[in-house]
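Worksheet: one structure, shown below.
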Amino acid sequence: MFQKYRPVWEEINLDNLVYNIGQIKSKIGNKELIGVIKADAYGHGAVEIAKVLLENGVSRLAVAILDEAIELRKNKIKVPIMVLGIIPHAFLDEIMNYDIEPIVPSYSYASKLSKLAESKDKKIKVHIALDTGMGRIGFSIDPNSVEEIGKISKLPNIEIQSLFSHFSTADETDKAYSCEQFKKYKLLYEELVKKNVKINMRTISNSAAIMELPDTYCDLVRPGIIMYGYYPSTEVDKNNLSIKPIMTLKANVVYVKVLESGSYIGYGRKFKCNRKSVIATLPLGYADGYTRRLFGKAKVIINGKFAPVVGNICMDQCMVDVTDVGEVNIGDEVVLIGEKDGLKFNADDIAEITGTISYEVLCMIGRRVPKLYIKGGEVVKIKNYVISSDS
C-alpha cells in the first residue's frame, strides 16, 4: 500500500523505460536520439523521465511549449531542448534566458530573434519546421520557402540546428502518403543545399517511422509513445520493436458495502443492482483522468480477477462490483491501468473501448495522482505535484 497522503498512485517502471530505449537504439543504429517528453512525458513525469533518458543514450529533448522547457531547465537539465510548438513573440526573451531551441515559422519571427540575440551578444539555435502534409505548422514546400529559409540562414546570431517535419500517417498500413511527405522533405532540403544553406541536422522520424520507415531516419529520430511502452497504432507491425509499458495506475479500496438487489449506484441512477452486491469504492475519478466515457465498459484487477466498474464515474471516486472476486477489504490494492496476476487492462484497452488512442489515455492522468518511480523493484523517487513534494 502506498502511504503518502492519497491511496491512488502511478508506478513508473524505470527498468522498462531503459529497456525500451535500448530497443530503440538497437533499431536506429548510430542515429542521434531526441526524447519527446512533452505533456509531462505523456503523463509519466518529465523531469524524472528526462534524467533516465539522458543516462541511457538520449542526447537531446523535445517538449511542446516553453513552460515545459523552463521546468526542465529549473531542474538542472542542461542538454539541448527543442520546443515543438511556436513560442509567442512576447516570450522571446525567455528563449534566450533559458537557452531554448525554438521553432522558426517565418523570416519575420527569425529576424526578431536575431536582433534580440545580437543585443545580448548570444547565438541562438533554431529549428525550421516544414509542412510536408500535416497541415499544422511550418513552411510550405515551394520556391518561396527556399528563399525565405535562405534569408533566415544569413541572419546574424542565428544558427539553423535542424530542418524538421512530421509524418501524419506513418502509423497506418498504407505508407504511400508518408513516402510522399518524405519525398517533399528531401526535395526542399536538396534545394537548400544547392543554395549553400547550412543545416546542422535533419529530422522527420516519429515513433511509427522508427518502427517501419528506416529510410527516413536522417540524422536524428524523435521517439515519443514507444519510449513509454505503447505502439503508435494497431496497424504497425509490433514484431518490428519489442517494448514494455512503463506505467501502472493503482489505488486502494477505501470503502466496502453490501447493497441489496434493486439498489442504484452513482449519479443519474444509471446502474441498478440486479442482485445482492458487494461494492468497493476507489478514491479516484474523472478529475484524475479516469474518464466518464468508461461507464459500463471499464474493469479493474483485484484479487487476481477482473471486477467491473459500475455506475457513472464521479469526479473523485468510482465504484466497483467485487461480488465475484472473493473477500475484499479496505486497503486492498487495485490495478486500474496495467497488468497483474496474468491479467491485463492497459491504456490500449481503455483507448479501444472509449474511441480514442493510448496517447490521450496516458496524458489524461491528472497531476494530483502521485508518481512512484521504481527501479530494481524498489521505489527510488516519489513525486507529488499537489503538495510539491519529492522524496
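Placed from the backbone N, Cα and C atoms, the Cβ positions cover glycine too.
Feature annotations, courtesy of Swiss-Prot:
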type	residues	note
ACT_SITE	K38	active site, proton acceptor
MOD_RES	K38	N6-(pyridoxal phosphate)lysine
BINDING	R136, M315	substrate binding site
ACT_SITE	Y267	active site, proton acceptor
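Recorded residues Y267 (active site, proton acceptor) and K38 (active site, proton acceptor) have their alpha carbons 35 Å apart, per Cα-Cα distance. A gap of 17 Å separates the Cα atoms of R136 (substrate binding site) and K38 (active site, proton acceptor). Fewest Cβ neighbours within 10 Å among the recorded positions K38, R136: that distinction goes to R136. Taking Cβ-Cβ distances under 8 Å and a sequence separation of 6 or more, the neighbours of M315 (substrate binding site) in its chain are G285, Y286, A287. In three-state terms derived from DSSP, K38 (active site, proton acceptor) belongs to a helical segment.
Y267 (active site, proton acceptor) has a Cβ environment of 12 other Cβ atoms inside 10 Å. M315 (substrate binding site) falls within neither a helix nor a strand when secondary structure is assigned with DSSP, and so counts as coil. In the three-state DSSP scheme, Y267 (active site, proton acceptor) falls into the helix class.
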